[in-house]
């Protein structure tokens with residue numbers, strides 16, 4: 001009977017540890033939680049923390065929580081035909097530690113927001129004008145594509161860390177608003193990162209990775 005009780009206690013302890021581990025991993029899966037009303041980013045601070053140090057709340061101004069400019073269209077006269085106007089902690093200091101940000105994305109006809117990832121945020125996209133073809137790809141080994149055609153008023157979610165894209169398949173401009181679950185979601189555009197790194201990744205490595213001739217890799221490298 002004592003052995004049974006010991007085993008039960010051990011099993012209960014192990015189960016408690018598992019629950020604690022799951023709780024901890026969930027807590028660490030997004031921006032840190034709030035311990036005060038706000039923590040306005042002090043970009044002049046020499047203190048290095050995971051994010052930004054807080055400035056004295058007594059010096060807070062209403063401008064620390066304000067941004068103006070999303071009514072203005074971005075310049076889409078570039079190779080991709082798109083422009084992202086970000087509103088994160090870099091633009092609104094009061095977003096520091098709040099775990100949220102957003103962006104306006106403008107698309108020229110047949111313009112795209114090329115394949116990219118946000119390493120620190122899930123994104124929810126709302127189409128305000130025009131039509132978009134959007135999608136994301138799951139991680140290895142499945143690499144399954146989830147894609148959909150969106151129209152004005154439609155909403156689509158891109159899970160954190162997964163490669164995703166948006167393409168304006170219409171002949172008119174398109175506009176979308178993206179909300180992200182981090183004050184500083186980050187962005188890694190796949191093509192720019194792989195072919196535009198500094199210093200460059202060896203052409204031999206990329207040729208083997210993409211299973212193409214090295215001359216093709218050199219040609220793509222030259223674009224970046």
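A Cβ is built for glycine as well, from the same backbone N, Cα and C atoms used for every other residue.
TrEMBL lists 113, 118, 123 with the feature oxalate binding site. Summarising the annotation, TrEMBL assigns Mn(2+) binding site to 116, 118, 123, 164. The disulfide bond feature in TrEMBL is assigned to 39-54. Sequence annotations record features per position, and here TrEMBL assigns domain 'Cupin type-1' to 68-218. As annotated by TrEMBL, signal peptide applies to 1-29.
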(request) Report the nearest neighbour of residue 118 (oxalate binding site) in space among the recorded positions 39, 54, 164, comparing Cα positions. (result) 164
(request) Taking the Cβ of residue 116 (Mn(2+) binding site) as the centre, count every other Cβ atom within 10 Å, in any protein chain shown. (result) 19
(message) Using a 10 Å radius around its CB, how many other CB atoms surround residue 39 (disulfide bond)?
(response) 22
(request) Fill in the CA-CA distance, residue 113 (oxalate binding site) to residue 39 (disulfide bond), as an integer in Å. (result) 32
(message) Using the Cβ center of 116, 118, 123, 164 as the Mn(2+) site position, which other residues in that chain lie within 8 Å, going by their Cβ?
(response) 117, 121, 136, 158, 162, 163, 185, 187
(request) Excluding 113, 118, 123, please set out which residues of the same chain place their CB within 8 Å of the center of the CB atoms of the oxalate site, keeping sequence order. (result) 103, 116, 117, 121, 125, 158, 164, 178, 180, 185, 187
(message) Just to verify a number: CA distance, residue 54 (disulfide bond) to residue 123 (oxalate binding site), in angstrom, no decimals.
(response) 26
(request) Give, as a single whole number between 0 and 100, the mean pLDDT over the domain 'Cupin type-1' (68-218). (result) 97
(request) Would you mind checking how many other C-beta atoms are within 10 angstroms of the C-beta on residue 123 (oxalate binding site)? (result) 23
(message) With every protein chain in view, what's the tally of Cβ atoms within 10 Å of the Cβ of residue 164 (Mn(2+) binding site), excluding that atom itself?
(response) 22
(message) Using a 10 Å cut-off on Cβ-Cβ distances across all protein chains shown, tell me which of the recorded positions (54, 113, 118) has the largest neighbour count.
(response) 113
(message) What whole-number Å value do you get for the CA-CA distance of residue 123 (oxalate binding site) and residue 164 (Mn(2+) binding site)?
(response) 10
